[in-house]
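This report concerns only the one structure given below.
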Amino acid sequence: MEKLAGLSHLFVTVFLSSFASLMVIPAITDVTMSAVCPGKDECSLAIYLSGFQQAIIGLGTVVMMPLIGNLSDQYGRKALLTLPMTLSIIPLVILAYSRTTTFFYAYYLLRTLTAMICEGSINCLALAYVADNVLERQRTSAFGILSGIATAAFVCGTLAARFLSTASTFQVAALVSMLAAVYMRIFLRESLPNGENLTRPILKSGQDGHCQDDGDLSGLAPVLKKIPSIQDITGLLKSSVTFSQAAVVAFFNSIAEGGMQASIMYYLKARFHFSKNQYADLMLLLGIAGMASQLVFMPLLAQLVAEEKLLAIGLLGGIADALLFSVAWSNWVPYATTIFAVFMVFVPPCLRSIASKQVGPTEQGKAQGCISGIISFAKIISPLIYSPLTALFLSEDAPFHFPGFSILCIGFATMIAFFQSVLMRGAPPISSHKISNSLLA
């Protein structure tokens, strides 16, 4: 518990950052619809724009997540957190100022560009920070608590959005995002593997202590060399069967999550005419269920049940959620499906804990970055599949009447992840020496 208490500044940082980014989710659909298709409840263009943005962001994060994780192993978690936490402020400020069509497209462009670095990187670095400071046997619980903190931020943000106007929602989000970055820089202490000290800035030659000022790009060479190659990632996956199985589960589970993200808001709006407040209420229920599970039940269960079994239980909850959602016959059914969130939230912390235990202490950033990169790759593919499928089955040109068909297909992806998780077996942690030899040989 002393170790967890020592993470209090990280938890506050994650809470504030998550609060700012998540509180705008209930409002962004209405903003998008108003800017792109004013006065309409159905808009294929809005669905395609959302899916395209998600795919482009995923493409960028496939490269950036392993790089950021790898750099954090060398230069520290706090140093790398500064970049995404600063960039994430910019899009929020734009919509805080105005939500007209022109400003929406400016937001859309900058959000796409900045999210290539910001999307998932704060979570990736926070997980590596926790792994630096928590013993292996406590990591499942610690990762669960970290996820619970993010879920608590989601609940608070959604509740705030429920009572704020759209304009005020983005203004508050922008201010809190700024506060998160300032708090992190002032209070969060640096964390490096094995407690090493940070001895040089990122953009400085490794041969001497003087900055390059000759106008060339030689100062970038140390950073560029940290970009993991395909061989590095392949070597990491081959170094442990358990790690590679976790990667497969992460991929298909993220296919499902990305599909739900690309489809659900438009499905609810077209099927049941959900308003911003109704969607906020649904997200609030989901958040409360997830928060209670992560902060109360999961730390207790992690001591009694193997994390591989908790992972399988969480995926079963995801399958049930998608199946019931796809055949929703009344507007109360989506609210009823929130019960499955109690189990679904087991998946991310269990996956991250399993992956964390397969690498040494100096490679936590690399491992978490690798898993994040795989998740991002899945989220490139997911909207390319589910956005057109959702638009088709919500339109009058659907081959047959089944508005929830795309949601049903999301359940199939979760089933594949579940079957892989059943094959997963607990494995002893792999030493850092073994991993390093496989990557650097």
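Cβ coordinates are placed from backbone N, Cα and C, and glycine is handled just like the others.
TrEMBL lists 10-429 with the feature domain 'Major facilitator superfamily (MFS) profile'. Positions annotated as transmembrane segment by TrEMBL: 44-68, 80-98, 104-130, 142-164, 170-188, 246-267, 279-298, 310-329, 335-355, 367-386, 398-419.
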_With Cβ-Cβ distances below 8 Å as the criterion, list the same-chain residues six or more beyond the ends of the transmembrane segment (310-329) that contact it, or say none._
140, 249, 253, 256, 260, 264, 271-272, 298, 301-302, 336-337, 340-347, 350-351, 354, 402, 404-405, 407-408, 410-411, 414-415, 417-418, 421-422, 424
*asked:* Can you work out whether the transmembrane segment (279-298) touches the transmembrane segment (44-68), with the criterion being 3+ CB pairs under 8 Å where the paired residues are 6 or more apart along the chain?
replied: no
*Contact set, same chain, for the transmembrane segment (246-267): CB under 8 Å, 6 or more residues outside the stretch*: 29, 42-43, 46-47, 50-51, 54, 58, 237, 274, 279, 311, 315, 318, 322, 325, 347, 351, 354-355, 358, 370-371, 374-375, 377-379, 381-383, 385-387, 389-391, 394, 403-404, 406-407, 409-411, 413-414, 416-417, 420-421, 424
*Of the stretches 44-68, 80-98, 104-130, 335-355, which racks up the most C-beta pairs under 8 Å with the transmembrane segment (170-188)?*
80-98
*Which one, 44-68, 104-130, 142-164, 367-386, has the most C-beta pairs under 8 Å toward the transmembrane segment (335-355)?*
142-164
*Flag the pair the transmembrane segment (104-130) / the transmembrane segment (398-419) as in contact if three or more Cβ pairs fall under 8 Å (sequence separation 6 or more).*
no
